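> Dropping the structure in here first, questions after.
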Amino acid sequence: MEFILLGFSNVPHLQWVLFMVFLFMYMTILLCNSIIIVLAKTDPALQTPMYFFLSNFSFLEICYVTATIPRMLMDLYTLKGNISVFACATQMYFVLTLGGTECLLLAAMAYDRYVAICHPLQYSLLMKNKVCLQLVAASWISGIPVEIGQTYQIFSLHFCASNRIDHFFCDIPPLLKLACGDTFMNTVAVYVVAVLFVMVPFLLIIVSYIKIICNIMKLSSAKGMAKAFSTCSSHLIVVILFYGTASITYLQPKQSQSEGMGKMLSLFYTILIPALNPIIYSLRNKDIMMALRKLHSKLLIWWENLK
C-alpha cells in the first residue's frame, strides 16, 4: 500500500545540512521566478512575446520544483520516506507532465527567437497574442493525456521485489527497477514518450538555432551580431543544461544507470537548473535588469511614503 523513498538516508549525518540547503534553494526559486513574473506583467517595456514566454516559463519552474522539493524537505525533516501508492503516482504524474511542458515551452521560446531574428519585419504578425497563447496552451496541455496513460501503465505493474525506492521522488527509472515480471513494453513506452517530448522538441530547437546562426553570420555589423547572440544565449544555456540531463535520465538503458548517478542527474534538472534559470535570464538580460531597477526604485519611494 505504500513505498519508502530512501532519498539521502545513506548520509544521515548530512540530513539537516541538506534540509537547509534545499529549503534555501526552494525559497530562492520561488522568489526569483515570482519577481520575473511580476516584472513581465507590470513593466511596459517587457510586454513582448519573449517575456510572455519567459513569465510562463518562470511559473512552470515554480510548479515543477513544488512537485518534488516540499516532499523531499518533509522526508529530510521527519527522517521518514513513507509515501502512499496514490501519492507516489500523483507526484510522478506531475513531474512527468511538467517536465514535458518544459521541453515544449523551450521549443516555443526557440521558435520565438527564430522569428524575431530571421523574420523581424513579420515578427508582430507571426507572433500575435493569439499565436503566443496557442503555443503556451499547447505546451501545457499536450502532455496531460500522455502522462496520465504512462503513469497508469507504470502503476499497473506488480512491485513484488521491494517497496524501497532509492530516489528522493517517484520517478520511472527507479520504479521500473522494483517491478517484477516483464517490463519490456513499459520500457518501450518510456522511450517513445521521451522521443516525443524530449528529442522532437530538441531537434526543433536545433533547427531553429541553425537558422538563427546562419542569419546572424550574414550581418555585417559586429554590434548587430553581438545583440542577436545575446538575445539567444540565455535560452541556449538553459536548453543545453535541461535537455542534457533529462536525455541521459530517460533515454539511458535502466540496467546501465546507477542509483547514485540517477539521483545526481535528477537533482540537476529538478532543482539546480530551476535555481539557475532566473540568474541566467536576469544577469544576461539588460531589459530585465532595467525593469528590476525601476521596481526597486518604486518600492523605495513607496517605503519612504509609508514612513
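Every residue gets a Cβ built from N, Cα and C, even glycine.
From TrEMBL, for reference:
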type     : residues : note
DOMAIN   : 32-281   : domain 'G-protein coupled receptors family 1 profile'
TRANSMEM : 16-39    : transmembrane segment
TRANSMEM : 51-73    : transmembrane segment
TRANSMEM : 93-111   : transmembrane segment
TRANSMEM : 131-148  : transmembrane segment
TRANSMEM : 188-210  : transmembrane segment
TRANSMEM : 231-252  : transmembrane segment
TRANSMEM : 264-283  : transmembrane segment
> Between 0 and 100, where does the mean pLDDT of the domain 'G-protein coupled receptors family 1 profile' (32-281) sit?
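Value for the domain 'G-protein coupled receptors family 1 profile' (32-281), mean pLDDT as a whole number: 86.
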> Any contact between the transmembrane segment (16-39) and the transmembrane segment (188-210)? By contact I mean 3+ C-beta pairs closer than 8 Å, pairs at least 6 apart along the chain.
no
> What stretch, picked from 51-73, 131-148, 264-283, has the most CB pairs under 8 A with the transmembrane segment (188-210)?
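Going through each listed stretch, the top one turns out to be 131-148.
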